[in-house]
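Now, the feature entries from TrEMBL:
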DISULFID  38-282  disulfide bond
DISULFID  86-104  disulfide bond
DISULFID  109-115  disulfide bond
DISULFID  165-271  disulfide bond
DISULFID  170-254  disulfide bond
DISULFID  178-217  disulfide bond
DISULFID  221-230  disulfide bond
DISULFID  231-241  disulfide bond
SIGNAL    1-26  signal peptide
């Protein structure tokens with residue numbers, strides 16, 4: 001992705017974010033704002049890695065062009081992702097009529113509406129550690145577990161140094177570039193969204209056997225399970241696990257995202273305390 005495109009994304013992110021987080025900055029609170037820029041409904045999910053706090057309730061529905069904000073506790077570490085093609089089973093209402101169970105084409109967390117487990121690969125991840133080493137926030141977008149939708153992460157706010165707080169993410173549509181051996185195709189009662197960025201949850205007529213669409217792109221580790229691709233065994237370190245033809249494909253499409261386990265130098269971003277974060281799904285549709 002070119003520098004001009006990143007700059008335009010940051011300008012849009014800054015405007016949206018400034019409307020949502022002025023009070024949070026004053027209070028020193030980190031707030032995540034999630035924006036669905038996809039053309040279809042998604043079900044974002046969150047999973048905490050170091051605390052019982054389920055930020056954002058663990059998961060929720062987000063319509064196209066909708067935005068949701070929620071705070072994260074100090075020192076929070078965890079991940080966020082999008083679920084696509086989700087359908088609630090009949091007679092499955094939880095509190096306030098919200099479904100307690102969901103069946104999702106991608107990113108499913110064992111059928112729960114509010115996730116307490118990670119999303120099933122292939123899934124694009126936004127990962128955060130707030131207030132880590134030297135009090136800095138660490139964040140990245142990872143394709144190590146594969147790809148289902150694009151995600152962009154922009155740090156913004158009055159306290160942000162934009163020369164050091166970089167834009168992390170995957171703007172390219174990996175599904176459109178995914179080689180056949182890594183493709184995860186979906187067909188059936190869930191209508192597939194156009195553009196390769198996932199699926200809607202709208203019922204659709206049963207397709208013919210030839211009607212399939214790539215809704216996610218698997219990692220080579222998931223597809224083949226070998227040490228070379230999984231960075232295990234004899235390839236279990238940064239000196240012995242390097243990029244492969246598949247990770248290079250991911251990296252070419254998404255240069256600001258992790259493409260394999262040891263892709264640190266160009267994929268991990270840091271920002272000083274006080275930053276706020278805008279997480280955009282399908283940022284390439286800006």
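Every residue gets a Cβ built from N, Cα and C, even glycine.
Between the C-alpha atoms of residue 170 (disulfide bond) and residue 282 (disulfide bond), the distance comes to 8 Å. For residue 178 (disulfide bond), other Cβ atoms within 10 Å of its Cβ number 24. Between residue 231 (disulfide bond) and residue 115 (disulfide bond), the C-alpha separation comes to 27 Å. Cα to Cα, residue 115 (disulfide bond) and residue 282 (disulfide bond) are separated by 21 Å. For the disulfide-bonded residues 104, 165, 231, 241, the ranking by surrounding Cβ atoms (within 10 Å, all protein chains) places 104 first. Considering only the disulfide-bonded residues 178, 254, 271, 282, residue 86 (disulfide bond) has 282 as its nearest partner by CA-CA distance.
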